[in-house]
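Asker: Attaching a single structure in structure tokens format; questions to follow.
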Amino acid sequence: MPSAEQTSWVILAGGQASRMGGNDKGLVELTGKAMIEHVIGTLSPQTSSITINANRNQERYSQYGSVFGDNIQDYPGPLGGIHAAIHHLDDEWIGFVPCDCPQLPHDLVERMANACSEDTDIAVAHDGEHIQPVVTLLHRRILPKLEAFLANGDRKIILLYRQCNMITVDFSDQPNAFVNLNTPEELQQFGQTL
């Protein structure tokens with residue numbers, strides 16, 4: 001089982017943001033701050049190791065921390081960022097969160113790390129109704145499975161997880177913590193509730 005201090009965390013901001021009108025979701029403003037600032041604000045008290053995976057606007061993202069892009073072209077989705085992170089970071093355990101999830105749990109890192117055992121490959125957050133496949137903590141030993149999966153042209157993240165020793169981590173006490181803001185309308189509605 002890793003301790004929270006033995007994990008590195010990556011904010012996934014590498015997508016095309018097609019539902020956000022092509023605007024980079026991590027840089028879209030929510031209550032006067034870039035959305036990624038909300039994510040960093042929640043994660044930074046929990047871990048000292050935060051990096052950003054971005055394929056566009058890397059210079060802008062670099063004002064928030066260390067940035068790296070995908071190794072695979074054509075936007076393979078979150079799996080591209082996961083693949084790049086395993087190559088970019090040396091840590092055994094790497095956690096991932098999306099850049100468009102501004103209310104992450106304040107105990108995310110600790111709960112995810114505590115749920116893992118020696119044989120866990122992937123821990124995935126569960127909000128009580130659904131798994132949150134991009135809120136995950138994984139062991140780097142999944143890399144061969146991930147590379148074979150991507151080489152086959154597969155992109156559906158949950159299908160990869162099913163090939164691994166996956167556990168779910170219960171966050172049913174905080175179901176609203178995983179609200180993703182994918183469209184300008186969702187962003188506006190969410191901003192009005194804060």
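Note that Cβ sites are derived from N, Cα and C of the backbone, with glycine treated the same way.
Got these off Swiss-Prot a minute ago, pasting:
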BINDING   LEU12, ALA13, GLY14, LYS25, ASN53, ASP70, ASP100  GTP binding site
BINDING   ASP100  Mg(2+) binding site
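Quick one: where do these features end up spatially?
Answerer: In this view, LYS25 (GTP binding site) is surrounded by 25 other Cβ atoms within 10 Å of its Cβ, with every protein chain counted. Under DSSP, LYS25 (GTP binding site) is assigned to a helix (H, G or I) in the three-state scheme.
Under DSSP, ASP100 (GTP binding site) is assigned to coil, being neither helix nor strand in the three-state scheme.
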Asker: So which one is it: of the binding-site residues ASP70, ASP100, which has the fewest other Cβ atoms within 10 Å?
Answerer: ASP70
Asker: Which chain-mates of LEU12 (GTP binding site) that are at least 6 residues away have a CB under 8 A from its CB, listed by sequence?
Answerer: ASN53, PRO78, GLY81, ILE82, PHE96, VAL97, PRO98, CYS99, VAL134
